[in-house]
Amino acid sequence: PHVEVLERMENKVRQYEVVRWIMMFVIGFTVGLVGLFVDFFVHLFTKIKFTVVGYSVEKCSDQGCLPVSLLELLAFNMTFIFIASVVVLIEPVATGSGIPEIKSYLNGVKIPGIVRLRTFFCKIIGVLFSVAGGLFVGKEGPMIHSGAVVGAGLPQFQSITFKRIKFDFPYFRSDRDKRDFVSAGAAAGVAAAFGAPIGGTLFSLEEGSSFWNQALTWKVLFCSMSAAFTLNFFRSAIYFNKWGSFQLPGLLNFGEFKCPEGDKSCHLWTIVDLAFFILMGVVGGLLGALFNCMNKALAKYRMRHIHPKAKFIRILESLLVTMVTTVVIFAASVLLGECHDLSLPTIKNSTLSSGEDINSTIRQFFCTNKTYNDMATLFFNPQEAAIHQLFHQDGTFSPVTLSVFFLLYFLLACWTYGVSVPSGLFVPSLLCGASFGRLVSNILKVNLGMDIYSGTFALIGAAAFLGGVVRMTISLTVILIESTNEITYGLPIMITLMVAKWTGDFFNKGIYDIHIQLKGVPLLEWETEIEMDKLTASDIMEPNLTYVYPHTRVQSLVSILRTTVYHAFPVVTENRQNEREFMKGNILVSNNIHFKKSNVLSRAGEQRRRCQSMKSYPSSELRNVCDEQNAVVEPAEEGEDLLQQMHAPYPNLYPDQSPSEEWTMEERFRPLTFHGLILRSQLVNLLIRGVCYAENESVSATQPRLSYAEMTEDYPRYPDIHDLDLALLNPRMIVDVTPYMNPCPYTVSPNTRISQVFNLFRTMGLRHLPVVNAVGEIVGIITRHNLTHKFLVNKLRQHYITI
């Protein structure tokens, strides 16, 4: 029979693994299709808009009716952004890029509604219209968020938004599984956005997950590849009409960087250029820090003055930003654009991500025959086309045009990020940086007469600015290398990003970390500062515990659950020396003592045993300590109602009385032997399903047993204690929680250093960490709140004051 059981378990594990791989492919495929949908409609709407406005501009340049063209452009943009803002009002979590929220989720913090299906639809429709509406936002950040929602939702086979979607799917009913799929979905989102599957995997590893294992890396890479190739397959078919050819990787494609054929003196970059790249990295870091500082001030202003007001104020703000952006780009193109000879710009073999030849994106607005307007070429095109122009355009962009473009983009992108529409930050940052890089290459080429490749400088400028804003290192390096398809750029990109990050970190954090901080999310960093090791677990733990006994009355459980908001409770027994007295007559008490006896030696016996072993030590101090302990015997408590004593903290069912207020010091710090942890969701589940036994019956015979499938059936939305109908419960019944508790959670000693506590908590993805002393008594509990930087700094300050 044992062999059969083992075989059954092995088959189940294999089955589980196969289903996991299938789910990874399904998530990747779905994310690819989502990317295709967004890209197709953004392309369609943008094309309609620019065709209509372009025709009007060309007609009005001769007839002098340019205000009409401006009104047409305003009408398109305002309509699109109005739709995007209204959609976000339905689900406010869909605002912004979603990367800070997903980063928080993968770090172990649940933000309500972040991976809901409703959020997904609002995000997709919102980003489609906000990009088409001409705001300085990208669709790459929202793609990552959308991918994460797909990862969270698909393996569950159920939805809260659409209640009828519910299949009896027994797999992946835990937070850890869900988190793995969310990191795979986020990676697939990066892969679809940039055509960078390896970059996507590294993004999930660097930005998100606190807990990571080797098997997950392989699965996440498979998921990312599925997303990238699904998108590539369908886009190549739609734009080139070639099914089965893979010609368009990623929504954002940088095109091919190569020297003109036959030009032997041309190099993409040389060792001399590296010195300029380092300087550009420094400038990029400074500009990024300034961008983040301004955006943080704006976000604080919004939180104080715009978010508390009526919802339509947010729509008005979005429309105001749109109006200003539209008027500014129109005015800049008319007044500041310079006309250049059309014979100059030639770009070899560069196709845009939508399959058009890049030369078709040159705009002749407001310029006479045979000349083109360099400012309009950058502003009156989709952002991908503008990036291609800056990376691959041989024709000159004048320094004035580049400076004005950079300044306008910098200020407007900073104002736009945080407006109530779904908005990515990658593309605006790349465009800002690319114009800065092109400006540097212009100065070096024209003023200093150096022989350099302009495209490389544009790319390095883009990397420097983006690195200065988001402060990502390894994943961003790989994403940019994969997007350029040019491995020789590995070293300059890496060095530039490193320098930009170091420079920026000198002033402030990355933009995503700043927004996480503003939302008040208790994010755990990778490690604590060395100084924190002056503290131990006992310095930071929460000593006031709310606990349950192995056998507890229903009325006590209901009272505990209704008067506290904790998610887990230690299961304990009290260390009393007059245990024999308890055995008389009361089943509840004797059950608890029997449980304790079978689990842990009595405290006195344990101390006697330790003392015997201590006496063999040569140190006289240990012997003395032991003798002192033996001399002190706790006086026996007599004449108390035993049952009342067992449940002193929760004498009644009234939720308005906080238990801690009535506790005496003795009650608050009783010696409690620790047996395990039980979750709130499990306790509510046991009460709702009536898992209990009567006082005059034996436990094993009468208390029903629930299977794991029954306990996790309601995941991820467990019932609440307030949904419980108290009329159906007999408050005198007793619940045996021991079969359902976790009998061996991770624990730490009160003297453990903070760095060890932190590493254990973060790497194992814990939510609760009991602090247990040498004799098995629980003395406190550590949660995420106790390990946040702010909390630790306060405790360290108190520590110094005490010293």
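Counting begins at 1 with the first residue displayed.
The backbone N, Cα and C atoms fix where each Cβ goes, and this holds for glycine too.
The transmembrane segment feature in TrEMBL is assigned to 21-45 (among others).
Non-local neighbours of the transmembrane segment (74-99) in the same chain are 45, 49, 52-53, 111-114, 116, 118-119, 122-123, 125-130, 132-135, 141-142, 144-146, 148, 207, 311, 314-315, 318-319, 321-323, 325-327, 417-418, 420-425, 512, 515; each lies 6+ residues outside the stretch with a CB under 8 Å from one of its CB atoms. According to TrEMBL, the transmembrane segment annotation covers 74-99 (among others).
Counting only same-chain residues 6+ beyond the ends of the transmembrane segment (120-138), those with a CB under 8 A from a CB of the stretch are 34, 37-38, 41-42, 45-46, 49, 73, 76-81, 83-84, 87-88, 90-91, 94, 98, 145-146, 149-150, 153, 252, 321-322, 325-326, 329, 383, 409, 412-413, 416-417, 419, 421-428, 431. Feature annotation from TrEMBL assigns transmembrane segment to 120-138 (among others).
Only residues 6 or more beyond the boundaries of the transmembrane segment (181-203), in the same chain, are considered here, and those with a CB under 8 A from a CB of the stretch are 23-24, 27-28, 31-32, 34-35, 102, 105-106, 115, 139-140, 143-152, 154-155, 172, 209, 216-217, 219-221, 223-228, 230-232, 249-253, 426, 472, 474-476, 478-479, 481-483. Annotated transmembrane segment per TrEMBL: 181-203 (among others), in sequence order.
The feature transmembrane segment is assigned by TrEMBL to 215-234 (among others). Sequence-distant contacts of the transmembrane segment (215-234), counting only residues of its own chain at least 6 positions beyond either end whose CB sits under 8 Å from a CB of the stretch, comprise 20-21, 24-25, 27-29, 31-33, 35-36, 39, 147, 151, 180, 183-185, 187-192, 195-198, 200-201, 204-205, 209, 243-244, 246-251.
The transmembrane segment feature in TrEMBL is assigned to 274-294 (among others). Here the transmembrane segment (274-294) has long-range neighbours at 410, 413-414, 432-433, 436-437, 440, 444, 457, 460-461, 463-471, 491-492, 495-504, 506-511, 514, meaning same-chain residues at least 6 beyond its ends whose C-beta is under 8 angstroms from one of its own.
According to TrEMBL, the transmembrane segment annotation covers 315-336 (among others).
Here TrEMBL flags 406-436 (among others) as transmembrane segment. Counting only same-chain residues 6+ beyond the ends of the transmembrane segment (406-436), those with a CB under 8 A from a CB of the stretch are 81, 84-85, 88-89, 92, 94-98, 122-123, 126-127, 129-130, 135-143, 145, 193, 252, 280, 283-284, 287, 291, 294-295, 298-299, 302, 314-315, 317-318, 321, 324-325, 328-329, 332, 378, 383-384, 386-387, 390-391, 397, 458-459, 461-466, 469-470, 511, 515.
Long-range Cβ contacts of the transmembrane segment (457-481) within its own chain (Cβ-Cβ under 8 Å, at least 6 residues beyond either end) map to 190, 194, 196, 198-200, 202-203, 205-207, 254, 257, 273, 276-277, 280-281, 283-289, 291-292, 387, 390-391, 425-426, 429-441, 444, 487, 489-490, 492-494, 496-501, 503-505, 509-513. Look at TrEMBL and you will find 457-481 (among others) tagged as transmembrane segment.
Per TrEMBL, the feature domain 'CBS' maps to 741-801.
Within its own chain, the transmembrane segment (315-336) is flanked in space by residues 66, 69-70, 73-74, 77-78, 81-82, 84-86, 89, 133-136, 302, 306, 365-366, 373, 375-376, 379-380, 400-401, 404-405, 408, 412, 415-416, 419-421, which lie at least six positions past its ends and keep a Cβ under 8 Å from the stretch. Helix, strand and coil counts from DSSP across the domain 'CBS' (741-801) read 27 helix, 15 strand, 19 coil.
Through the fold, the transmembrane segment (21-45) approaches residues 80, 124, 127-129, 131-132, 139, 143, 146-147, 150-151, 154-155, 172, 181, 184-185, 188-189, 191-193, 219-220, 222-231, 233-235, 238, 251, 353-354, 382 of its own chain, all at least 6 residues removed from its boundaries and within a Cβ separation under 8 Å. Confidence for the domain 'CBS' (741-801), expressed as mean pLDDT, is 90.
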